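Features of the protein shown, as given by TrEMBL:
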ACT_SITE  Cys236  active site
ACT_SITE  His315  active site
ACT_SITE  His399  active site
ACT_SITE  His403  active site
ACT_SITE  His432  active site
ACT_SITE  Asn436  active site
DOMAIN    92-381  domain 'FAE'
DOMAIN    398-478  domain 'Beta-ketoacyl-[acyl-carrier-protein] synthase III C-terminal'
TRANSMEM  33-54  transmembrane segment
TRANSMEM  75-94  transmembrane segment
Amino acid sequence: MDSSTGGEIRIQPSRRLPDFLQSVNLKYVKLGYHYLISNLLTLLLIPLIIITSVQVAQTDPADLRHLWLHLQYNLASIIVCSAFLVSGLTVYFITRPRPVYLVDYACYRPPDHLKAPFQRFMHHSRLTGDFDDSSLEFQRKILERSGLGDETYVPEAMHHLPPQPSMAAARREAEDVMFGSLDALFRNTNVNPKDIGVLVVNCSLFNPTPSLSAMIVNKYKLRGNIKSFNLGGMGCSAGVIAVDLAKDMLRVHRNTYAVVVSTENITQNWYFGNKKSMLIPNCLFRVGGAAVLLSNKSADRRRAKYKLVHVVRTHRGADDNAFRCVYQEQDDNGKTGVSLSKDLMAIAGGALKTNITTLGPLVLPISEQLLFFATLVVRKLFNKKVAPYIPDFKLAFDHFCIHAGGRAVIDELEKNLQLLPVHVEASRMTLHRFGNTSSSSIWYELAYTEAKGRIRKGNRVWQIAFGSGFKCNSAVWQALRNVKPSPNSPWEDCIDNYPVKLVA
């Protein structure tokens, strides 16, 4: 009865079935298909198990005695087969790669006096006298659209008027960041620095002599036979490369620890010219760094946070456009800076496509792989206009740590991978709170997710980073327990203020 029509009763001539396309959310249909295919082997084994159980139940003692007599007459064959089986299992367990565990990590939190609010940044840029009006306006627009907040940090040398970049100041920045994160790491893990067997340090733009890795060896008096490496010029994705190198070393050197230190140095790499493409790094890059403790000791599994599952690296340096899209050079006035190409996003998209094409078969459930393959066959054989199927990586990963290179990078990955806002929240909030800290940004993002209490046992985390060269690198971790934030987390006193609403 409809009260709005004065009690009139309307009789429908027929009743149709509900429109399932409207009433059923297709994502649940897809999820059901995913569960069906993922458990297909189990479903196929159930009838076999039932049949085997029925046969065993119908076997009488005489049949069992006959089987035993048959085995006694073939004792030599049984012994030979058993010997081969035992030998094979022994070789397998001896030669198989040992798991690599992430025991803990620490991110550097600069002191408050190094904060560079928007207004102060622009005021200092104006007072230096190095930038013309057009460059100042360009920087203002970049900052407004960047996604950075007012609490990011720039090095001490940039707070002086005029700025005072020098080799000594750059060393102090490197020491503050590296030693600050390492002190926190050793304090949280109770690991003696002399127990470290492998040390990998990555910093693209600052490579003094002695090296940054040597500075760490000297500071903590690491042992003389340590395997140390110093990676330079490898861009924002070098953190994943450093993890990959440490993993390979741990596969060779057993029962040891590896430490990875990822950072970038800003002091001597600030650009004081007026070339627009070289001004963008000034607006985005900020002070930051992380130290990561990896182990191949089986005893560390109980206290480790994660296990390394996969590392996939993609290098597009053979292509000239990709090679030059992030390029350190001098402008026409001889001032050095890093130039970012206008084709950067397109090149990053191509590198990402190559990377996930390699990563997909390793991590995607069989249901997604079948859909992708079926679409590929249809496109090749029947209709090239059929849209390519984009695998649903949300079925493979629970958390995403996308390099906080800039707002545009995060937006593009959110759209192209069909992610939800919650999946890119850690990246956006890291960019807002700490800016682009280069190779260490993925660790600030993981720390954000931990501080929110979202990582449960068995969850998979995808760290993905882009860097000069041009490179796209991925690392996949699996949580070994419900992960809680470590003491002195960079988000310790501010996590309740996030997420913040960003201006579009």
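Each residue's number is its place along the chain shown, starting with 1.
Cβ from N, Cα, C; glycine included.
Under DSSP, residues within the domain 'Beta-ketoacyl-[acyl-carrier-protein] synthase III C-terminal' (398-478) fall into helix, strand and coil as 37 helix, 21 strand, 23 coil.
When the active-site residues His315, His399, His403, His432, Asn436 are screened for a Cα within 10 A of the Cα of Cys236 (active site), the ones that qualify are His403, Asn436. Note on the domain 'FAE' (92-381): its mean pLDDT in the predicted model is 93. Within the group of active-site residues (His315, His403, His432), the Cβ with the highest number of other Cβ atoms inside 10 Å belongs to His403. Between His403 (active site) and Asn436 (active site), the C-alpha separation comes to 8 Å.
A separation of roughly 29 Å, to the nearest angstrom, links the Cα atoms of His432 (active site) and His315 (active site). His315 (active site) is 21 Å away from Asn436 (active site) when you measure Cα to Cα. Cβ neighbour count for His399 (active site) (all protein chains, 10 Å cutoff from its Cβ): 24.
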